[in-house]
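The block underneath contains the structure these notes are about, expressed in structure tokens.
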């Protein structure tokens with residue numbers, strides 16, 4: 001399809017994270033370091049949860065899914081950035097942009113829903129501990145994970161075809177480091193205000209539904225914790241919930257800035273900085289927050305390292 005002198009399916013140009021950066025190799029090294037640590041730490045989380053029987057619980061099963069989402073999430077965006085930096089290129093094909101757009105929306109949406117449903121797990125564990133094995137059975141855990149992935153997929157399948165069917169004109173230069181919706185819509189030849197309003201409502205619902213579950217769950221948790229007579233039980237409940245609340249605050253806060261705040265609050269540099277935070281840094285922070293604040297995970301890591309060291313010592317003799 002042609003619109004004037006512009007082809008709907010022509011390549012785009014990604015201007016990058018900092019288009020006027022004076023130290024490109026320093027930026028490359030920093031992003032590469034964050035990417036490697038993110039992949040490694042999330043992979044370690046998944047392996048520990050799989051091999052350590054003490055971590056075979058619903059909470060850690062959901063955490064393993066969060067780590068899997070983070071691995072896929074950062075892998076959708078960062079490798080392209082790093083390759084472009086090495087090769088000195090900025091082009092991304094229409095098909096590549098569409099695929100990146102779809103995967104980003106799907107994985108971000110799935111993480112939104114999973115974080116909301118994880119608060120339900122904490123609610124049941126603290127407020128209904130005797131019914132926890134029933135209310136959070138293996139079947140329920142599988143349904144929770146399936147619902148999160150399905151919700152994210154619906155988001156991707158609904159928004160991607162509509163976003164990519166607009167005619168894109170101008171210079172086709174995306175002032176961003178990946179194919180994010182707001183940056184793409186700025187290149188459209190037609191009025192996208194109706195679609196932006198519909199997308200705004202959709203994003204509000206996607207944020208509101210999980211946030212309502214989180215708010216209701218943690219309201220009940222706070223009431224239960226306040227009524228606890230044992231200081232140790234209160235401390236453990238707060239410790240297990242605080243990590244989740246930190247992750248929720250980081251992820252939801254950045255998403256609300258990008259998709260909920262009016263245009264008057266946005267600038268290209270601010271948008272890229274916030275997007276970098278929740279697409280690059282959040283996958284790094286999530287496993288660190290959960291592992292450093294969790295004695296079960298640190299204990300499993302120490303146990304695994306002890307086995308590796310002892311087997312290595314035996315093999316040398």
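From the backbone N, Cα and C atoms, a Cβ is placed for every residue, glycine too.
What TrEMBL says about a protein is an automatic prediction, not a curated fact.
Per TrEMBL, domain 'G-protein coupled receptors family 1 profile' is recorded for 41-290.
For 23-48 (among others), the entry in TrEMBL reads transmembrane segment.
Only residues 6 or more beyond the boundaries of the transmembrane segment (60-82), in the same chain, are considered here, and those with a CB under 8 A from a CB of the stretch are 14, 16-17, 28, 31-32, 34-35, 38-39, 42-43, 45-46, 49-50, 92, 96, 100, 103-104, 107-108, 110-111, 114-115, 117-118, 121, 141, 144-145, 148, 177-178, 279-280, 282-283, 286-287, 290, 296. Per TrEMBL, transmembrane segment is recorded for 60-82 (among others).
According to TrEMBL, the transmembrane segment annotation covers 102-120 (among others). Same-chain neighbours of the transmembrane segment (102-120): 59, 62-63, 65-66, 69-70, 72-73, 76-77, 144-145, 147-149, 151-157, 159-160, 178-181, 206-207, 209-211, 213-214, 217-218, 244, 247-248, 251-252, 255, 279, counting only residues six or more beyond its ends whose CB sits under 8 Å from a CB of the stretch.
Annotation comment: TrEMBL describes 140-159 (among others) as transmembrane segment. Long-range contacts of the transmembrane segment (140-159) within its own chain (CB-CB distance under 8 A, at least 6 residues past either end) are made by residues 58, 61-62, 65, 102-103, 105-114, 117, 120-121, 181, 199, 202, 206.
The annotation transmembrane segment is assigned in TrEMBL to 197-216 (among others). Here the transmembrane segment (197-216) has long-range neighbours at 109, 112-113, 115-117, 119-120, 123, 151, 155, 158-159, 181, 248, 252, 255-256, 259-260, meaning same-chain residues at least 6 beyond its ends whose C-beta is under 8 angstroms from one of its own.
Per TrEMBL, the feature transmembrane segment maps to 237-261 (among others).
Here the transmembrane segment (273-292) has long-range neighbours at 17, 31, 34-35, 37-38, 41-42, 44-45, 63, 66-67, 70-71, 73-74, 77-78, 104, 176-178, 180, 243, 246-247, 250-251, 254-255, 257-258, 298, 301, meaning same-chain residues at least 6 beyond its ends whose C-beta is under 8 angstroms from one of its own. Residues annotated as transmembrane segment in TrEMBL: 273-292 (among others).
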The mean pLDDT across the domain 'G-protein coupled receptors family 1 profile' (41-290) is 85
